[in-house]
Structure formats: C-alpha cells, structure tokens
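Below is one structure; the comments refer to it alone.
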Amino acid sequence: MTTTSSDELPRQADDDSMKWDRIYIQKLDPEVIFTKQERIGRGSFGEVYKGIDNRTGRVVAIKIIDLEQAEDEIEDIQQEIQVLSQCDSQYVTKYFGSFLKGSKLWIIMEYLGGGSALDLTKSGKLDESHIAVILREILKGLEYLHSERKIHRDIKAANVLVSEHGDVKVADFGVAGQLTETVKKRITFVGSPFWMAPELIKQSSYDYKADIWSLGITAIELANGEPPHSDLHPMRVLFLIPKNPPPVLQGSQWSKPFKEFVEMCLNKDPENRPSASTLLKHQFIKRAKKNSILVDLIERAAEYRLRTGVSSDSDLDEDSDGGGGTSKWDYPTVRGPRVSADDDGTVRQRTDRPRAQVDRRSPSGSPGGTIVRGSPQVAAVAEQLRNSSVGSSGYGSGGNSASSQYATSSLPQSHTASSGGATTITLGSPNGSPTSSLARTQSMVSPSGQRSGSAQSWELERGNRPMSERVSSQVSPSKYNQHRTSSSNGVQGGSGGRREYINGSGSGLNGNSSNQNHSEYSDAVRQRGPGGSGGRLDYRESHVPTSSQENLNHGRMYGYGAPPPSREANNVPMPRVKGALDCSLLPAIEHLSRTRHATAALDQLRHVFRDVEDSCPGICNELIEELMQRIAVPQVSQSDLDAAIRRLTTPPS
C-alpha cells in the first residue's frame, strides 16, 4: 500500500489537522476492484453498501464518503480509519483498506449481514439469554479496546453489529479516543446523550469506565427496546443524568443477576464501576450460552426487515421511518473537539470552525443526525438547563419545559432580525397550498385585509426578562387569515410533532415596512440553502411561543380589528365545545398509543392538536370535514358524507 500526498485530498485552513500521511490510502480504482451492490445502511459519515471483492469473491461492506460534502467531519473520518486500522480482534469490525477516487473515499470493512443489535430489538422482545450473549461479546470487544488504551465513547445497540452466524462485533469508531501514557483521562464531550456517562456530561476527566456506563444503558435498551429517558428531549437528558439516581432495570421477567449486572455498570462513581474484565466474570455473563442461539433471532430480524422495508444500519437510517420504525427521538451522537495528545497523530486538535447548526442532517430530516460541540453554544444551552427549573416535557404546554427553553434559546442572537427592539415574524401558508374551507370562511369575515404597521406583524420583544415572559404579541387576525392563503412564511407541523418555520418565496404582505421585516427574518433563519421549502429551521432550534398563540386566539374570539384584552382576561378559561378533537382525533391517538406506534412524537401530536384547537376553536372540525371531502368525494353521496362527518365531530347522544 502507498500513501497519497495531501494535495490529493481536500484542504482545510488548518493543514495541521489534516495529517493523512498516517492513513494509508490506495490509489487503485475501487470500482474496478469491487462490485458495489445494494445500500444496506447509513453510518456515521456516509452511506454503506454491500459489495464483492472481485479479486477474492469475499463479501465486504463499503462505506462511501464524499469528502467535499463532509468537510466538517473529515477529522472524525480520519479518526475512525485510524482506530479501525489499529484494531485486530474478532470482537471488533475488521478494516481492509481505503481507496480514493476523486472526492469519494471508499472505506472497505468487514460485512456483517445480520444487521445491528438494535435491529434485533425491532423485530420483537429479546429473551434474557439472548441479551446475555450480546453483552458478553460487547464486553470482550471492550476488554480488547481498553487493553489497547482506546475508549469507544459511543457504545449502544445501533453500534453493535452481528453476522448471519451469530458473531457479535463492536463497530462505528467515529468518536473513539486514544488514551496514552501522558493522557490517561479524557476531557472531551462526545457520545450519544441517552447513553452518556455522568462524568462525561459534567466534562470531568474520564477514562474507559465511561464505556461501562454506556454498556449498562445498552443492557436496558436491549431489554426494553429503548434507552432510559427516551421520551425526553436529548438536551434535557443531559441535565437529568448527572442529577438523578442511575436508571435501574425493572420487571419481574428479568433475573436478579441481570439486574445486579446493570446496577454495577450504572454506578455513578466511575472509581467504583467495574472494568470489562471484571464484568466478564459476573454470574450473569458466565452463564451466557453460545452465540448460535442468536441465529433464530437474526433470521427473525431479517424477515422483519423484508416485511417492513426497514434497512439495517450502524446508526439510524434515513429510510427507517418509512418502514414502521418507532424511534421516539433521533438518538444523535455528540462529537466534540479533541485534545491533542502525543505526536502519534491519533488524537488531534479540532479546528475552531464555527458550528452554527445543531443538526447536520439534510433538509429532509433523516435520522442519525449529529449534535456538534464545535462551538460553546451547546455548553451554554446545557448550562442553562442545569440552572433552570425542570417543567413539563409536553410540547406546547403552558409551563416552561426544559425542551421548550432549549428550542427557544438555541436560536443564536445573530439569527434574529430586529427592528426597533422587536422581532417580526410573519405567518402564512406555503406556496401553492390549496385554500381550505377554514381559510375561505375567514377570508369572508375580513375582506379588506388592510391594517396599520403594528397590527400587521407578530412582534417578539427581546429583553432581560425570563424566556417565559419575554414574548408579547400583537396580531391582526384579518391580516393573519389573509396571509395564510398567500405564498409567504408558514408554520407547519413536521414529522414527529416538530414545528418548522418554512421560508416561502413570496411576500404576501402590503406595505414596505412589513415586507422589509419579513425579508430580514427570512434571511436570519435561512440556514440551509436559499428560499422556498428548502430553507427551514428545525423545531429544535425555534418554536412558536404559547403566549403568541393565546393572543392570536383572543384576536379571533373578540372581533377583528379590536384590541386584545388585558393579560388578566387571558387567564379566564374559555369553555370549549366538544367536537372532532374529543370525538375522533384524541381517541384515535389514544388507541395508537397502546400499540407499537406509541412514541413521544405521538404525545407531541396530541399536545399540538389541543394547542391548535385552543387557538382556533372549531379548526379540528374543519380539518375532519376537509379530509372527508378529499377522501369521499365523488364516490360517496353528500348525505352519507354529512352523516359520516357528524359521527366524527359530534359527541354520541
């Protein structure tokens, strides 16, 4: 093998961070040597394909990375190749070499056709005997890595791969770290929040014992199908793990040795946490059976993937949502700046490139995103969560939930357009959206649509008050209703109950002042590409304040053009007539919550429907009517359609 010169690879401003001379890259054409077959997943930095080595006929896994698109991840790619090339263990995925063709880097690895341990949990509950075998093999992999003074730092079921014959191997070394004689403990902030050790979250020095904590969380994940706190926002979990007692494995179906094993792994004091070698001697592990008992489980998972279309993956796959996956959150990996160690080139200082986005995924919102610790923004958010009170975790609730605080506060100051000390956000519908029956009704109520400056916009005051009191709103419902049917900025509910600001191309406003404010805000929040539906800001970066929705509600209830009532009047609860929300939507969501579709996103959807109905009474009825019209017409007669709508929107007598 020969090494390529640095000129053949993408250059960064800081050339010291690009020490590719320590990584062997072959100059041969990989498309000649390998036959690329179907895509089998998406890893840390690129797509993974099944392939054939034409020289030997061996089946391999091919990870293909576009280095031009993955510029921010080059050091992590470098780290993964470095660690893989140094490992030689039957419990760690094997690395066969790397090839560069143009800007595409081909990483050739061992193919494991059974998918991940996470895939095994998706096809059904795991028995304790299966879990014991998987944990034993992970422990053997960790024992090897720790003996080589390497920390994996991202142990979880998705990063444990299995072969079709029951072999279990540790994979995905994108955030692995090296312990040297001079650097015996790490101080960086990386890993997946749900599996992260308390000492790592607190940014204390840590060592290989952090992997043991992650193993304990993985044990609970294998038993329950999800890690502890999976119904909470990842940023809130970062606050809870150091503060709360360690999770415990609950359920009478689990044996006492299994529960004791988990308890030993989840000791909050790393000094009292056992090593991998010690845990291999534990009763629960010693009585584990042979790997062959996993074969039936692997075949069951393969049948499930064929039936549902869910692809296996070393991380969450973009396509898995469409195949019936039920993950409650995108379980992201936090990748942080590395502290440079000796001159062995393994651990390097990350460049100080600003990281404005919390989520690196494409605008389509594929899972498997990455929270970046490249700037102090995440640290500030985490510190705010530690200092703030923990409220309700429900989306859109009146209380100050930690996740809501994070979603609001994570929008950088530079991304907020201001005019006279206030921020203007204009609401509307996306381009080309059909005019609903609700919009037609509202446009009839307010035909003029002419209002003066402050009544045409939604102003968010920015001051030194708490976040929950920092918003005051002035809304012209007539302008809002007129603007809903124009091609402008819209608020939509995304998948998983998220709300997104979608930047439209048209102005949809009368008056230069409002147009200017709308343009300033659109430019401020546009972080992914130009206008249109492509320039979107995720719910986790911003959300619509509840107080603004309340003022919008009062604007509709108390007459168009009339000033909203005082805050004292806002506190008076308005009686709500039962309709489609209570008769159809909430019961349907409640039914789904008792099935395999029960997710945090479903709970958020329930809150969203309630918030929308509170803001605009009767809108759920309109929604049901609109849906029924689109589904039934012209196949169903109008009388039958009216009867069906009445059943869905009227309480039973």
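Heads up, the Cβ atoms here are built off N, Cα and C, so glycines get one too.
Quick look at what Swiss-Prot lists:
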DOMAIN    34-285  domain 'Protein kinase'
BINDING   Ile40, Gly41, Arg42, Gly43, Ser44, Phe45, Gly46, Glu47, Val48, Lys63  ATP binding site
REGION    309-373  region 'Disordered'
COMPBIAS  345-362  compositional bias 'Basic and acidic residues'
REGION    389-563  region 'Disordered'
COMPBIAS  405-457  compositional bias 'Polar residues'
COMPBIAS  459-468  compositional bias 'Basic and acidic residues'
COMPBIAS  470-485  compositional bias 'Polar residues'
Worksheet, complete the sentence: Taking all protein chains shown into account, the Cβ-based neighbour count within 10 Å for Arg42 (ATP binding site) is 22
Worksheet item: Could you give the mean pLDDT over the domain 'Protein kinase' (34-285), rounded to a whole number?
Response: 85
Practice prompt. In three-state terms from DSSP, label Gly46 (ATP binding site) for me.
Written response: coil
Practice prompt. Note down the number of other Cβ atoms within 10 Å of the Cβ of Ile40 (ATP binding site), including every protein chain shown.
Written response: 22
Worksheet item: Taking every protein chain shown into account, which of the binding-site residues Gly46, Val48 has the largest tally of Cβ atoms within 10 Å of its Cβ?
Response: Val48
Discussion item. Going by DSSP, is Ile40 (ATP binding site) sitting in a helix, a strand, or coil?
Written reply: strand
